[in-house]
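K.L.:
Questions regarding the structure given below will be posed in turn.
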Amino acid sequence: MAFASDAPKDGFRLSMLIYDTRYRSYTIQIVVLVLFAMAVAWLLNNTAQNLAARGKEFNFAFLWQRAGYDIGQALIPYTNDDNHFRALLVGLVNTLVVAFCGCLFATVLGGIIGVLRLSNNWLIGRLMTIYVEVFRNVPLLLWILLSYVILSETTPQPRDFRVTDEMIAAGEEPAASMILFGTVAVTNRGTNIPAPLFERSLGSVQIGFLPVSLNLLAFILVIVASVWANRRLLAHAKAVQEATGDRPVTWWKSLLILFGPVLALKFALGLHLEIPELKGFNFAGGILVAHSFTALTIALALYTAAFIAEIVRSGILAISRGQTEAAYALGLRPNRTMSLIILPQALRVIIPPLISQYLNLTKNTSLGIAVSYLDLRGTLGGITLNQTGRELECMLLMMLIYLSISLIISALMNLYNSSVQLKAR
Amino acid sequence: GTLDDVKARGELICGSNTGLTGFGAPDASGNWAGFDVDLCRAVAAVVLGDATKVKFLPTTGETRFTALQSGEVDLLVRNSTWTFSRDTELALDFVAVNYYDGQGFMVKKDLGVSSAKELDGATVCIQTGTTTELNLADFFKQNNISYQPVTVADDSEAQRQYLAGACDAYTTDASGLAASRATMPDADNHIILPEIISKEPLGPVVRHGDNQWGDVVRWTYYALLIAEERGITSANVNEVAASTADEEVKRLLGVSGDMGAKMGVSNDAFKNAILAVGNYGEIFARNIGEGTTINLARGLNALWTQGGLQYAPPFR
Amino acid sequence: MADAAKMQISDEVAIQITGMNKWYGQFHVLRDINMTVQRGERIVICGPSGSGKSTLIRCINRLEEHQQGQIIVDGTELTNDLKNIDKVRSEVGMVFQHFNLFPHLTILENCTLAPIWVRKVPKKEAEETAMHFLTKVKIPEQAHKYPGQLSGGQQQRVAIARSLCMKPRIMLFDEPTSALDPEMIKEVLDTMIELAEEGMTMLCVTHEMGFAQAVANRVIFMDQGQIVEQNEPKEFFNNPKSERTKLFLSQILGH
Amino acid sequence: MADAAKMQISDEVAIQITGMNKWYGQFHVLRDINMTVQRGERIVICGPSGSGKSTLIRCINRLEEHQQGQIIVDGTELTNDLKNIDKVRSEVGMVFQHFNLFPHLTILENCTLAPIWVRKVPKKEAEETAMHFLTKVKIPEQAHKYPGQLSGGQQQRVAIARSLCMKPRIMLFDEPTSALDPEMIKEVLDTMIELAEEGMTMLCVTHEMGFAQAVANRVIFMDQGQIVEQNEPKEFFNNPKSERTKLFLSQILGH
Amino acid sequence: MSETHAQTVLFVRDTMLPPVDPPIAERGAVKWMRENLFSTPLNIALTLLGVLIVWWLVSASLPWWLNSVWNASSLSQCREIVAATAGEGASGACWAMIRERWHQFIFGFYPASEWWRPVLAFGLLFAALAPVLFAGQKRNQSLILLAVLAYLLVTLYLAGAPGTAFLLSLLLVAGLLVGAQLAPGKLLWFTLAFPALCFWLLWGGSVWSPIVAMAGFGVLYAVFRVGTPFIGLVPAAGAGVVAAVLWWLYLDKPVVDALQAALPFGIQSVRSDLFGGFLLAIVIGVTGIAFSLPIGILLALGRQSDMLIVKTLSVGFIEFIRGVPLITLLFTASLLLQYFLPPGTNFDIILRVIILVTFFAAAYLAEVIRGGLAALPRGQYEAADALGLDYWQAQRLVILPQALKISIPSIVSTFIGLFKDTTLVAFVGLMDPLKGVTQIVRADINWKGIYWEPYIFVGTIFFLICFGMSRYSMYLERKLKTDHR
Ligand SMILES: Nc1ncnc2c1ncn2[C@@H]1O[C@H](COP(=O)(O)OP(=O)(O)OP(=O)(O)O)[C@@H](O)[C@H]1O
Ligand SMILES: Nc1ncnc2c1ncn2[C@@H]1O[C@H](COP(=O)(O)OP(=O)(O)OP(=O)(O)O)[C@@H](O)[C@H]1O
Ligand SMILES: [Mg+2]
Ligand SMILES: [Mg+2]
């Protein structure tokens, strides 16, 4: 037993801060923290000095001043007498609406293209590949600008719809006419779609600063109720299937439950459509969907669809052929195999990257600036910033809002991910 | 102050438009030209003695004031409207009005409209980031009529939309309208409505508090005005300097007195400016006046002696 | 045991293949296959890699299409007729090399899925059947776990149980043990032997010669897409006729 | 041979572990370990799965931290002091079950990496040493290949050579053969035996009882984080003392 | 029964059948069409639909392409020519605009006499990339260098480079070629020097400024080497950084001035407001990705770290940057950055944009690299530890080379994304090719009203570059997968 070891030394030496694993990480972290704090302090100090030099102060009171400008597309009530905060909300709603519609169309389109790319039809497969490659490899901005130009260049002016007495006398047709049974007019300013109107109204209530129509509420309630009833019906069908092995036919009952009450309510309230009509310079009545919105939605959807198509394709390919074969060998038909075996598994692979595409799309809505769509960036980060000169506040607020949207979406994604995790050893 | 910075740098940085025909736009080889641009060049000639030592930084409606405040540009000459809040809240100084303008409307002739008050229900294209959208909202509100705004980021896009018929009327400063109209293939089919719904005094802007610099810019501008008043042009300035008997002209051209030196520039600074870009009238005529494609009449911008508003304080 | 097995073979024909040919593109993968399988027979197919064994048994439940000749399974000819294919598939169970369990379903759901959706059996009944077969393969206690949570041997036994739940009259096995660790091979072979003893008609691609000798009525040796030799196991192993077979056996058994 | 080996054992202590305890969270994985390894000793550690064998030898070069007790390796106590840890690690070589070669480096680069960067040996010298050890493990001709191009047995021999290049005084092996195919096990064991004959101090977790009997001075049996029995190999295998050991040996050897 | 059965069982094939060709229906075009176009009713419908779409696209755009005009000085002239040749009402592309303004799409307002400089820098970029992409592979490096040489020969001639520059650059590349033969590993030095060289080529000015700036790194290294034995590794590194910063802050300018006075050598300086078009896009894209890579690596390591504060800060940074649109960051660059810097500091908008774009790319790269790190088996870390490598050695020698290799496809797609996103700088007033230059061209009276041509032109170039990159990364991925096996 002749080993020479230094007697274990106790006590603290300064070098332990760096060489002792226990303290080392604290040392590093404290250094980092101090550096970080110094950097933050430096930035704040600079900001304060700069603000002082420009005679500005940092506060958000300007949000409650009169905005004074008009917004073409306002989905919540807004006039130029409202304050900047309200304008911000209008912009936020516009952002969310574009994001929502974009995601919806992109998913549908991307899903179809992804599946078609896998089809054994050579021509379609090639076309879809070209689509995906072209849209993925060209900047989104180009698609936005292009779809805007196409929309406004290829559509007729409102006056082309005009029918004058002379024309009737001469038996001439107007240069353009409304589509979808004369209910929708596509002009070079936007798409005029019919608006729902009620003969008998239930009135409306004020919730916070938003008036909510009771009619709308009634419809939502009825729809929710029918959906619930339909789910009961399906659950019942499933129970019957489990008990007897045979699944009762449900589709006509479903249809009845889903659409019956809504139709009944429609007649009860006397819902009818207000068809847009050419009056003066423009179509009046109905709802005007501006081309900036349409173009942005289309471009975002087309662009993102290319990415989603790839996700869908690789998601389906990720499910090994063995799964299909096993299902076939058990006697399952192709469509059942798809719905019971492939899709449930593919969705787990598809959904996480899909959601991050949604996130990208939502962030990309800020490119609405290219077509002057008044979204959050256009109102808060555009006109409000410009009129009030509060770039620091406006930009920070805007980033904060975008960040919150992103974080909420990714939190949902994590929730989903952990709930569908495949069980493994 | 900014003056010393500019001298030290040997270059003047001007915030300009990203491209507005006649007022400030680069040509195919990147040389900037225009009404606003020439004022910058004049300032450069005054401060540095060389009108070419200017760097133009294109700014958008959103970035322009920040660029000035942060010192990124020394001078903002980007047809910016002088308003109360910009002058006070943004800590900026408008040093002069080099162009008196007002917001107007342009419509197609066959629309059958002869007054802006008949525009009820019309779709109106506006450029965002300016005072125009506020004026527009106010105007329609006052007259109790409605409109559908289409906000557009820049002039060429606004024109494209207007020409394509995506809006019934295009509103911006009357000078801009005229400029646009002039470049349209069928200029005769468009009319500018008589209503001018706002006052738009456009002028060069400097940072608040730097009075010396403000003076340099202001007096450069006035020098150009006085030059027009006295018939001094880029062609005859040397001759006039040599021969004039007018004391004010002598002071202006640095023949006598030390006005330039008092301001911190060379004594013949203003002579240089006139030599380089000409007097106000020349600048106007060269860039936007009658005979150019823009084809604007002097109107309000005529000298006070000719019934306009351009009036320079005495140079003494 | 071999005798017991023999006794169960009936005269009834379970599978009849005549003059069957198959190509992958230009590649002639199965050449002039003729074979008859009586009900209750247990056939082992062996042969070098790439000789078409898997392809052959996959043709039998139409996971692959053949281009020439006739395959009649249980009196139903396999053509492009979807109904016939469905019929055959629900009569024929198949076990794969890589188990191919459905990872998103529990073991029990794996076993009840096909009976419920294909055979329209009430769920309760399907679950009872499933538990019965899971007990048979000795893993009833795993019924509510997911495939990922089981060992390879257990998974393969679940795969067998899943096939059995469809009450097939014929079982096909494609190298069911070759992806398993040695200890687990035994578990699975035991299950298969048990099945064989109950008189199930079985076609099994395998290189487990012990298994072949224990339960097969017949061993088929394939090479280059053709049946080169078939014989009773004893004869086949002790007294191979063709040169090709001898070579193959010497490699396999020497190993 | 065993005698030859014995002769090289010196009185010097290579590793001294006293009263060592380790927990993973709440789980007490090593309990009161006391052991002394003389320089030149060759120790085999065995025991059922999960008994803490890997954890024990990973503590010896501080891949895991212990919470109580003392580990002194070659005169250096393993504490939180990074300098000591570095010193110990450069004295102790380790070979893993899954080789853990660096796949982006050639065999030669794998072997010279640590000498160059840790020992600051000139590149040329490091390469000479590396070639020497690669020759020793009988794969000098593979020096410029990448690990992915070698068989498992060859990879494990490279891993041994890589450790040797640091000229360690102690070698730790964690189941070095258990990820290998049977034919390859022998290659690796031969290499290890050769090392043992040269008098390297070795701690080896393995279930290769043949190896233990051939080269070990001592066999340590662990269960539930404790050293249950240790003895000379002959005694250990023929005459185990504890019940637990008997049970374990019956399983291992019966297998 | 059993007896007879045993008899029937025996079958021995005496002759092996040769393979025969499949039946007609299984061969050739017939089979191909049947399988690929008309296999099911749905497929037939899809095929018809596809044909219809293709036909519609072609018939709608073909006349426009066929009536292209290449020689005209304004849009109206173009239209006249189309009307004259193809009849009234026909439409035709007016590529004359591209012909007249192509240089603005490529170089912005970069002076024509200096075009050879970006052209040269672009060629050298590949020479600098070669040692990174093909570390130690003599053959591929030489191939790339040869290609660069050929490219420079042609383009420098076309761009009218002055004779000395022409000769010097060819000599440089030739030297690199020789270097690749003798010591391929050493070429990395050129890669390290390239940023300074490139900066100097593009911005011009005194040759000493980049050299003296690079010398700052030399100072860092010298202090680090000298200091390490005395004060230890970490403090020495800190001292090195401090010394380098001091160098850059205080000594850089006087030294440059002194050297310039003593040995005046420089090229015409070009202000960055003249940068535009693809030159701008590539400058922003390439510098963004080059500088974001190290930052991204640090962030990824930080995010993987078990030190809570380091991890939190990294996660916070990454999530913040990834959570907001790039365009808001660009606005930050143009509107807010000035607020955060000491009063009076003022620097180039392009540099500010590059900084923000670098942060943006770094956050995305950090996530990509984290994926690569996570894909490495724990054994690699343990083996490195067991060999006695310290943390940074292990990362640099063992972990990162592998993690980066795994992440190459994702890194490339991040780069593609970044490159496409450079078009957004138009919104802060820079002249990107898509919106900035196009807007300027369209503001010109001659070309007012032109839409499709610039978009198609710019879009095509973007497509070619991005598509090329994605194909290359696929190739790289395949190659890396196989070459070690
Ligand atoms: N989908 C396919 N397309 C083209 N060729 C195929 C396909 N599937 C299999 N083959 C080829 O057909 C031949 C027979 O394949 P098969 O899988 O039936 O062989 P096997 O006898 O089962 O071999 P193993 O013992 O390796 O499983 C092989 O040469 C194989 O390469
Ligand atoms: N990082 C860890 N965290 C928590 N528990 C662990 C960790 N590593 C190992 N264990 C547990 O510690 C116990 C001992 O593990 P160890 O790997 O040392 O066993 P072993 O004897 O080497 O087993 P085997 O023969 O399977 O390799 C096991 O129960 C294991 O589950
Ligand atoms: Mg097979
Ligand atoms: Mg272990």
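Using N, Cα and C of the backbone, Cβ positions are placed for all residues, glycine too.
No curator has checked TrEMBL annotations; they are predicted automatically.
So TrEMBL lists these for the protein:
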type     : residues  : note
TRANSMEM : E:42-66   : transmembrane segment
TRANSMEM : E:115-135 : transmembrane segment
TRANSMEM : E:142-159 : transmembrane segment
TRANSMEM : E:208-224 : transmembrane segment
TRANSMEM : E:231-250 : transmembrane segment
TRANSMEM : E:274-301 : transmembrane segment
DOMAIN   : E:278-473 : domain 'ABC transmembrane type-1'
TRANSMEM : E:313-337 : transmembrane segment
TRANSMEM : E:349-369 : transmembrane segment
TRANSMEM : E:406-430 : transmembrane segment
TRANSMEM : E:450-469 : transmembrane segment
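Looking at the shown structure, can you explain where the listed features end up?
P.N.:
Note on the transmembrane segment (E:115-135): residues 103, 107, 141, 144-145, 147-148, 151-152, 155-156, 159-162, 165-166, 169, 172-173, 176, 180, 184-185, 187-188, 190-191, 194, 197-198, 201-202, 204, 267, 270, 279, 282, 286, 476 of its chain, located 6 or more positions outside it, place their CB under 8 angstroms from a CB of the stretch.
Non-local neighbours of the transmembrane segment (E:208-224) in the same chain are 193, 196-197, 199-200, 236-237, 239-241, 243-244, 247-248, 252, 255-256, 259-260, 263, 265-266; each lies 6+ residues outside the stretch with a CB under 8 Å from one of its CB atoms.
For the transmembrane segment (E:349-369), same-chain residues at least 6 beyond its ends with a Cβ under 8 Å from one of its own Cβ atoms are 272-273, 275, 280, 283-284, 287-289, 291-293, 295-297, 299-300, 303, 314, 317-318, 320-322, 326, 329-330, 332-334, 337, 403-404, 407, 410-411, 414-415, 417-418, 421-422, 425, 428-430.
For the transmembrane segment (E:450-469), the list of distant contacts is 75, 93-95, 97-98, 102, 105, 278, 412, 415-416, 419-420, 433-434, 437-438, 441-442: same-chain residues at least six beyond its ends, Cβ to Cβ under 8 Å.
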K.L.:
Can you tell me which parts of the same chain pack against the transmembrane segment (E:142-159), counting only residues 6+ beyond its ends and a CB-CB cutoff under 8 A?
P.N.:
115-116, 119-120, 123-124, 126-127, 129-130, 133-134, 165-166, 169-170, 173-174, 176-177, 180-181
K.L.:
Give residue numbers and ranges for long-range contacts of the transmembrane segment (E:231-250): same chain, 6 or more residues beyond its ends, CB-CB under 8 A.
P.N.:
213, 215-217, 219-225
